[in-house]
Every structure is written in structure tokens, then in C-alpha cells.
Amino acid sequence: MHILIANDDGYLAPGLAALHRALSPLGRVTVVAPEQNHSGASNSLTLQRPLSVFEATDGAQKGFRFVNGTPTDCVHIALTGMIEEKPDLVVSGINQGQNMGEDVLYSGTVAAAIEGYLFGIPSIAFSQADKGWAHLDAAERVAREVVERYLSDPLDGPVLLNVNIPNLPYAELAGWRATRLGKRHQSQPVIRQANPRGEPIFWVGAAGDAKDASEGTDFHAVAHGFVSLTPLQLDLTDTAQLRTVRRWQTP
């Protein structure tokens, strides 16, 4: 069993070290992660400059490879330029903060898993709700249990799984729930400030609150203490709208 691990918080993030600890007993583990935090990078690739790969030599990150690029760069380089045999599983995380609803379109954590999925490799993204790494030990334990369950009871077909873990002590977790993506309200407006020269600068505002957090969604599950397991797919075609768009077809 060979597992490729990546993340978007950077190779020094506690969540990456936790995921490495969780999965190392299950087989050979290769870590390739960004040098810097790339939260919100989505599926971006670095095409304007060459990329470099470095290796950490001490601490909890000893042996980790890190790249001066995005999460997708990391998985792409690992699969096409570093690893001779395709790994059995790509796992991303553990992210600091949830990736639910429309978050999956922006998330570098989910994007790293998507890149593995595009190469035909079962892929799982792990995120811990809320910031600050509280109860990371619980998220670490859940990550190992989910991967162990996948290995003992594989899912059918191509696998792209988005897992969100409540920020709770392990004993307080309510269990696991299979969920669909919820929906958010619009994000908050940008925050306008000025630089020392008086010129305007802008900070992207916070994500919107949950709009659809009904039962069955990832938002609902996590809010009620459950680990949310959401299978994803990449076909964004609106099949219902396709029928009406055909009216625009030329002869």
C-alpha cells in the first residue's frame, strides 16, 4: 500500500503531520506539500515559472518533500515526475477549517484530492471544522479510521471523497454520515483599506453562512457532531438546462 499525502496549508502545518502519523502505519507514505499556505488556490497550476522540490531534514516534517507551488502542483509533480509507480491512494489534509458546500470549488485541500482523482487514483480530502487545531488528535484518529474503512470495504467506481470532521473531542463525535453538499449564502463583501501611500487595497471577505443546512447536507451533519462523508464528481453539466440551451443550436 502506497499513499501520497498533500495539503494546502503548507508542509509545516500541524494537520499535515497529523495525517502523516495517522496513515504511516498503513503502508508506505510519501508527502509532497506546498512550501507556503495556499488556502483557496483551488485547482490552479503554476505555468509561468519553473517549480522546485525540496526536502525537510528535521522535526516532524523530516522526509517531507515541499514545492514552491500550489497543492495541485504538488500532486501533479509527484505523480508525473517523482513517483515511478502510481500510488494506491491520494489523501489531502488535514485542513484547518471546513470545506463544505461551495467551499469545494475554492479549496486547495479538495483540489489536491481532485488531481489524484483525475489520474485515476482513489482520493480523499480531510478537513477539520473551525480554526486553531483544537482536538486535532480526534481528527487524526478519524482520518485513519476512514482510510482503514476504505481499504477494508472499498467504495464502488472512481472515488473522490470529501470528509469534514467536527472540532470536538473524539468521545463527543456522534458518528459518520453520508452527505450531499449544502449551500452557502453569498460571501461577505471585500474589506477595503488603504496602503501607506493612501492607495486602496482589498481583502477578500469571509465566506457566507450556510443557506442550505438541511438534514442530509454536510453542514447539518457537522453541526450535529457527525463526521460528514461526501462523494464528489467533476461533471458540472446542468443536464436540466441542457435541454433548453439546445434551442440556441444552429442548424
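Keep in mind that glycine also has a Cβ here, set from the backbone N, Cα and C atoms.
Taken straight from Swiss-Prot:
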{"type": "BINDING", "residues": "D8, D9, S39, N95", "note": "divalent metal cation binding site"}
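The local packing around S39 (divalent metal cation binding site), expressed as other Cβ atoms within 10 Å of its Cβ over all shown chains, amounts to 18. Taking the centre of the Cβ atoms of D8, D9, S39, N95 as the divalent metal cation site, the nearby residues of that chain (Cβ within 8 Å, site residues left out) are N7, G10, A13, G15, N37, H38, P71, G93, Q96, G97, S107, G108, T109.
For N95 (divalent metal cation binding site), the count of additional Cβ atoms within 10 Å of its Cβ stands at 30 [all protein chains shown].
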